[in-house]
Amino acid sequence: MSGRDNRGAGGGGGGGGGGGHHHQPLSSAMGKLKEKLTRAGEELGYHRVESNLSTSNTGTSLDTILPEDPFPFPQAAPQRHPQQQFPHLQSPQQQRQQLQQQQLQQQQLHLQQPQQQLQQQQQPQQQLRLLHDVDDEPPLSFRPLLEDVDINEPPQQIHVQQQQQQLPRTALRASGSLELTPLPPPPTSLEPHRDRQQRSIVTGGEELQRSKQSLKGSRVSFEKPRGEQLPAKAAESSDEDSFEDKRIGFQQQKATSVDHKGILKDLKHILANDNRRQFQAKKHVSLDIKGTRFLKDLLKDSSSEEEFHKTRREFQGRKHQSLDPRVTFKLDKVLQGSSTDSDEEGDDAEHKRLIHRPKDITKPVIIDLKDLESESDEDFLTSRQNFQQQRSISTDSRKSRRLYEMDEMGNKRGDNIRHAVPFVRQITEDGKPKLEVYRPTTNPIYIWTQVLAALSVSLGSLVVGFASAYTSPALVSMTNTNLTSFVVTPQAASWVGGIMPLAGLAGGIAGGPFIEYLGRRNTILATAVPFIVSWLLIACAVNVIMVLCGRFLAGFCVGIASLSLPVYLGETVQPEVRGTLGLLPTAFGNIGILLCFVAGTYMDWSMLAFLGASLPVPFLILMFLIPETPRWYVSRGREERARKALVWLRGKEADVEPELKGLMRSQADADRQATQNKMLELLKRSNLKPLSISLGLMFFQQLSGINAVIFYTVQIFQDAGSTIDGNVCTIIVGVVNFAATFIATILIDRAGRKVLLYVSNVMMVLTLFVLGGFFYCKSSGMDTSNVGWLPLSCFVIYILGFSLGFGPIPWLMMGEILPAKIRGSAASVATAFNWSCTFVVTKSFQDMIDFMGAHGAFWMFGAICFIGLFFVIFYVPETQGKTLEDIERKMMGRVRRMSSVANIKPLSFNM
């Protein structure tokens with residue numbers, strides 16, 4: 001696209017010529033103007049126009065103003081002094097000398113008009129000097145600009161017609177002369193290409209003023225430069241016409257200089273932007289092609305995948321290091337080739353951004369011109385897509401390599417790897433290389449080490465069951481003055497039965513911090529010796545105070561054990577056998593209750609206490625053989641010990657790394673969600689609902705009267721006047737409780753939690769109201785000898801119903817519905833609340849019998865169970881077959897990761 005092809009039809013606008021011709025010389029236009037002025041009798045006005053054009057160095061041809069190329073830019077122009085190039089930069093003395101020379105020339109024009117007219121017509125066509133020079137210098141030459149990338153269509157040709165307007169004589173006289181002034185409008189920032197193609201010829205004084213307003217809109221100021229003032233002689237001239245000629249000539253020079261100066265600056269910016277865009281396009285093509293070739297060569301030459309990744313990473317580093325120097329080097333070349341005024345470019349914000357280069361880049365960069373050759377659009381897109389795919393693969397591989405190095409570093413140093421877990425978790429969530437996660441199988445895996453750990457914990461549960469059932473057979477012989485050396489009043493007897501739940505409350509509160517700081521195994525192990533001491537205090541008691549001290553110490557250990565035993569078992573046993581082995585503590589606890597009832601038939605309270613002191617001995621020995629839980633080791637940052645504990649529990653041939661990493665991720669989530677004050681965390685609205693459900697289930701479990709029935713079984717049967725021996729009745733109740741444990745384990749995952757709670761409530765309500773009716777008839781004097789079997793039957797059904805629902809389910813749902821971040825503190829609160837209710841029931845049961853009779857106490861327990869039925873219907877959710885994430889989403893409205901939460905099996909004897 002050449003400048004000659006885009007010249008347009010502006011040359012024939014005023015004279016009626018067709019478009020597309022070359023611009024006519026100024027002499028032809030002046031000739032036509034002379035003819036019109038001569039016919040109008042204004043020959044003198046023509047000479048004034050001609051003299052002003054000569055004085056202002058306008059030139060002889062419009063081609064000097066609009067050269068061949070529509071985008072003029074100086075090419076290899078000699079560098080001129082700023083004062084010569086821009087008149088407004090000259091000193092006042094130089095300007096005064098220049099104006100004096102112009103005045104002298106104007107005075108000689110009247111004498112040399114014929115010669116000037118002839119010289120004007122014969123003068124050859126010359127290129128216009130952009131700015132007026134006092135010295136003779138070679139004219140500026142022009143070259144075509146680089147085509148802009150975004151100019152794909154031929155520019156629109158703008159026809160600017162010459163406006164020739166013949167002014168009236170009055171206007172001619174007022175202006176002093178008629179001037180032809182070439183004023184191409186400066187290009188605006190919005191449409192630079194269109195502005196460079198516009199051409200116009202301004203005629204007359206009115207068009208001159210209009211051009212001034214246009215230039216003012218283009219940010220060109222017509223204010224006088226500092227130091228420039230009209231000569232005093234011209235201001236004081238008496239000749240008005242001469243003064244007007246001088247003023248208009250001076251303004252013409254200034255307007256022409258400012259106009260071309262603005263055009264030059266805009267053209268320099270346009271050229272720099274054009275070259276920059278072309279270079280960037282070539283740079284991207286070169287980068288993609290070089291990257292694709294290099295990666296293909298790597299795939300062929302690499303002997304292994306690791307070597308390929310290493311070489312590719314080195315290439316990526318070299319590519320990014322060379323990118324900035326290459327761009328900076330090329331842009332410097334472009335700016336040097338298109339810049340003629342470094343001072344003005346330094347002030348421009350856009351050029352400052354382009355010229356900027358990092359300080360640390362000092363070495364030269366060699367650019368291969370062959371690599372900068374452009375290819376077709378299809379090849380360019382294909383190469384870029386291939387390169388982007390390879391780069392994405394490289395990035396993923398680097399992340400995988402980094403993750404592998406982090407794991408290896410943790411294995412060698414043995415430090416706490418939890419600091420790296422957030423990074424690992426983020427990589428996993430983003431869909432990047434995932435770590436192997438332990439997934440339980442459906443087939444049960446029985447390993448003798450896990451069975452040994454379950455048996456050791458279950459022996460501690462047997463001790464707890466024996467201590468819970470001790471008061472039922474022991475109070476019968478303890479209140480007998482023939483068998484006891486001290487007197488035990490009914491009030492003291494109630495304290496013997498009720499002080500253990502009160503101590504269990506304190507133990508439940510203290511058990512939470514103990515298992516966190518001492519460890520699960522150490523906390524359980526620490527209860528063995530206090531158990532033995534408590535039983536010896538009871539066995540050797542010489543007064544009621546020693547018995548109460550022994551019961552309080554035993555109750556404190558029971559409270560700690562009831563919290564720590566299920567936690568240890570849940571954290572050591574695999575999920576595949578957790579249900580089966582989790583049954584052992586409940587079964588051994590019921591065995592302890594049955595053993596206490598059977599031994600109490602043949603032993604007094606002192607001998608029974610010596611038997612209780614012997615039970616913790618095997619429990620103590622076995623606890624020394626088992627390790628601490630791996631989860632507690634992970635929480636303390638002891639990764640190597642956690643690995644050894646897993647190897648002991650899972651077997652030497654088992655791969656424990658996936659499970660160990662899962663424990664570390666779960667612990668990291670718990671640490672991130674933990675707060676400094678966990679008790680305040682319980683009071684949040686989102687945590688109150690699950691906590692209130694757990695506390696409600698504990699409340700209805702204990703207010704059903706189960707502990708009162710267990711503690712006072714023999715006394716109840718004696719008061720009922722049953723034909724069956726009281727000790728035999730307690731044995732029967734213990735056997736039923738033991739058998740109901742297996743039935744509940746089978747049905748709890750098949751029928752559902754709420755269904756078993758419904759059945760349990762109905763059975764307990766019916767039996768409690770029937771027992772209340774039996775005692776009411778007996779207290780009324782009615783003969784009940786014919787129904788002596790009724791109390792035993794009601795007790796059996798009552799124990800069976802309790803063991804099916806309200807015995808195990810409150811403990812089970814405590815581990816299901818409590819949020820992960822508050823499970824420890826919330827479980828401690830629930831356990832303490834359970835023992836508080838147990839203390840209230842056992843301590844006040846004897847007082848309730850004295851106050852409202854046995855029938856009133858059983859009817860009150862039945863009414864509470866009936867209310868608990870509606871609590872279960874409207875408030876307790878069903879958790880059967882749901883993951884912990886689904887349960888928490890329903891309870892709190894959000895999901896958290898709970899990948900390894902122990903399925904805690906309750907101790908049904910802890911009632």
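The backbone N, Cα and C atoms fix where each Cβ goes, and this holds for glycine too.
The feature compositional bias 'Gly residues' is assigned by Swiss-Prot to 8-19.
The annotation compositional bias 'Low complexity' is assigned in Swiss-Prot to 51-64 (among others).
For 76-129 (among others), the entry in Swiss-Prot reads compositional bias 'Low complexity'.
Swiss-Prot lists 156-166 (among others) with the feature compositional bias 'Low complexity'.
As annotated by Swiss-Prot, compositional bias 'Polar residues' applies to 384-395.
Taken from Swiss-Prot, the feature N-linked glycosylation site covers Asn482. Residues near Asn482 (N-linked glycosylation site) in space but far in sequence (CB under 8 A, at least 6 apart, same chain): none are found. Following the DSSP three-state reduction, the secondary structure of Asn482 (N-linked glycosylation site) is coil.
Annotation source Swiss-Prot lists phosphoserine at Ser302 (among others).
Residues or ranges marked as phosphoserine in Swiss-Prot (evidence: similarity to another entry): Ser303 (among others).
Swiss-Prot lists Ser304 (among others) with the feature phosphoserine.
The phosphoserine feature in Swiss-Prot is assigned to Ser374 (among others); the stated evidence is similarity to another entry.
Annotation comment: Swiss-Prot describes Ser376 (among others) as phosphoserine.
Residues or ranges marked as phosphoserine in Swiss-Prot (evidence: similarity to another entry): Ser899 (among others).
The phosphoserine annotation in Swiss-Prot covers Ser900 (among others).
Marked as topological domain 'Cytoplasmic' by Swiss-Prot on the basis of sequence analysis: 1-446 (among others).
Residues annotated as topological domain 'Cytoplasmic' in Swiss-Prot, with sequence analysis given as evidence: 516-527 (among others). In this model, the topological domain 'Cytoplasmic' (516-527) carries an average pLDDT of 89.
Residues or ranges marked as topological domain 'Cytoplasmic' by Swiss-Prot: 573-578 (among others).
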Tally of helix, strand and coil residues over the topological domain 'Cytoplasmic' (749-754) according to DSSP?
2 helix, 0 strand, 4 coil
Beyond the flanks of the topological domain 'Cytoplasmic' (749-754) by 6 or more, those residues with Cβ under 8 Å of it:
579, 809, 812-813, 872-873, 876, 878-880
Give residue numbers and ranges for long-range contacts of the topological domain 'Cytoplasmic' (516-527): same chain, 6 or more residues beyond its ends, CB-CB under 8 A.
457, 460, 557, 560-561, 564-565, 567-568, 571, 620, 623-624, 626-629, 632, 824
Residues in the topological domain 'Cytoplasmic' (516-527) per DSSP class, helix first, strand next, coil last, are 9 helix, 0 strand, 3 coil
